[in-house]
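Written below as structure tokens is the structure these notes are about.
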């Protein structure tokens with residue numbers, strides 16, 4: 001077996017085995033034993049499971065919870081499975097065509113193309129195995145719970161004697177990932193076009209034709225996938241939204257029941273929900289990857305040295321870019337495109353909205369349920385050194401203390417001081433804050449107010465700080481590369497206006513950094529002062545004395561001196577170090593983003609400013625003008641590459657922070673309203689602290705949205721500046737060059753939160769709206 005066959009087997013091997021069990025593998029003719037397999041599966045589904053359960057659902061004397069259990073455990077899953085079986089059988093020819101095309105795609109000749117194909121094959125195999133494992137885990141957990149219930153009937157009061165039914169889960173066909181590899185290979189071919197043009201100009205049209213034909217071929221294949229799967233996906237998305245809602249309701253019912261918790265059923269429901277959500281998520285993820293790769297193809301055209309082509313061939317690239325501006329998309333029954341953003345909207349709007357409606361209709365849950373719903377040489381001159389230091393000084397100090405400031409010089413020696421600082425800070429934060437608070441959370445489980453206070457005040461934000469520490473440590477070299485580029489930009493020769501622009505952004509960065517640090521330490525010190533006032537009876541009638549600074553549990557006697565004071569010191573130290581990480585990371589993000597914004601503005605100066613505008617002689621000299629355009633394109637690509645590196649580092653951080661920030665804002669406002677309604681002791685102190693704390697959280701996330709929005713605006717302004725330039729005085733071949741730059745400037749540099757949402761001011765408004773929605777739900781179930 002050669003490498004091509006091995007790669008193909010690795011790509012579709014798992015899917016082939018699963019679909020072979022039901023007789024629907026498209027590369028085998030559907031006859032004989034394959035027919036027997038498919039018909040046998042359908043008969044078992046209909047006669048032994050679906051019809052009896054639907055009959056029980058229609059004529060049985062069932063309460064609401066029993067109806068949910070029947071629908072969730074089997075009926076809805078079986079309906080979706082049967083629809084899939086019929087759809088696969090009906091579209092067998094289309095699937096066969098796709099499978100054959102995958103086989104042909106594996107007949108690649110170059111090593112780089114093989115590397116791309118193998119990389120996607122490994123991901124496909126991993127996803128398929130994970131889906132099978134998660135579904136098998138949910139089935140096994142339910143089977144374990146069933147047998148424990150049957151054989152130890154005295155343990156569970158509400159034990160059921162109904163035997164559960166299991167189905168082999170269906171997973172997306174491995175070919176769904178094939179267009180990604182093909183688009184990436186096409187992107188590589190596109191970048192090599194200019195080199196081949198220089199070697200043999202007469203062959204360029206044929207080479208470009210082969211690229212276009214390949215692109216059209218990929219589009220036809222994707223359209224075939226869309227045609228065969230979009231109706232299946234529509235059914236699955238609708239049913240899964242309903243299914244997840246009902247499963248969350250069951251989970252809440254189990255956790256808030258006054259009787260003993262059915263651990264087996266609890267584990268089954270969790271595995272069941274995770275398995276279903278992951279399967280749906282992977283559909284969105286893979287479709288998003290296809291969408292992104294098709295957009296990357298457009299970037300590849302722009303990144304190639306097209307300015308070295310003749311005007312005749314540049315026109316051809318314009319037509320190609322115009323077609324590539326419409327990326328490939330897979331839809332849900334033609335209603336909506338598959339994307340991670342739509343996945344987030346679907347989960348939030350459909351599942352949680354339906355769940356909220358269930359709570360209001362069947363108000364059988366305790367107050368604890370509401371909480372469970374929430375998405376758990378430095379420089380060549382002193383002048384330039386001062387500019388860089390002025391912009392990044394605050395984040396340098398804060399991140400250096402916790403060992404996260406990257407080295408700006410390449411060196412083989414390890415920075416042991418930084419490593420020791422990182423390990424020390426991490427240990428203090430985890431031991432004295434996270435572990436202690438999480439242990440306390442388990443102990444106080446059921447006390448709703450104490451749980452909210454524990455989670456929202458320190459546990460959740462400090463957990464985010466720990467995640468940031470691991471991510472920043474992992475991407476330390478990338479951050480060092482970004483900061484080195486920023487320092488080089490300060491060292492380079494600039495006009496007075498460019499220096500002014502950079503210092504303007506540096507001043508904004510410094511002010512924002514000061515605000516972040518002041519708010520961070522104000523919230524920590526504010527909580528410390530409240531606890532001291534409570535211990536010294538400045539806040540009267542506070543009954544709990546000699547407790548830790550934050551709600552925590554320690555496995556030793558911490559109330560005796562000096563252990564008590566030492567524990568307080570280390571908890572304050574841990575909270576302070578976590579604040580340095582939390583605020584310092586935002587300072588670094590703001591510094592990099594606004595520096596990038598200033599560089600984009602400087603890039604547009606030769607087009608827009610009268611003092612730096614290209615003179616008439618340079619415009620008339622075609623060679624000089626092309627050299628100038630070449631430098632602009634190279635610099636623009638370099639800035640875009642820096643933005644992608646920022647996205648790579650901060651996207652995962654902000655995804656976690658976006659969720660936790662929404663929860664924290666909701667819980668802190670809810671806690672404040674709770675104190676006001678109960679007329680708590682020391683209310684004015686609590687109000688002041690909570691206002692500072694909410695301002696701290698909200699300001700940090702607002703600043704991130706603000707600077708990301710500013711960068712997008714500056715990128716769009718770059719295109720407007722080029723349009724306002726006297727392009728009408730240029731010869732036609734030079735105007736065509738500007739058209740390509742204009743097309744590229746329509747795609748601004750964007751920073752996302754885990755690829756789900758784009759950071760902008762509108763996102764901040766959505767965060768506040770979502771927090772308000774969660775708060776409304778909390779108030780509805782607690783009757784405040």
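In case you wondered, yes, glycine gets a Cβ from its N, Cα and C as well.
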Stated TrEMBL location of transmembrane segment, expressed as one of 36-55, 96-115: 36-55
The annotated transmembrane segment range in TrEMBL, which must be one of 465-490, 543-568, 569-594, 595-620: 569-594
For the transmembrane segment (416-435), sequence-distant contacts whose Cβ falls under 8 Å of one of its Cβ atoms, 6 or more beyond its ends: 400-405, 407, 458-459, 462-463, 465-466, 469, 473, 550, 552, 567, 570-571, 573-575, 577-578, 581
Long-range neighbours of the transmembrane segment (569-594), counting only residues six or more past its ends (CB under 8 A): 391-392, 394-395, 398-399, 401-402, 404, 425, 428-429, 431-433, 436, 458, 461-462, 464-466, 468-469, 472, 479, 482-483, 486, 505-506, 508-509, 512-513, 516-517, 519-521, 523-524, 527-528, 548-550, 552, 642, 646, 650, 653, 700, 703-704, 707-708, 710-711, 751
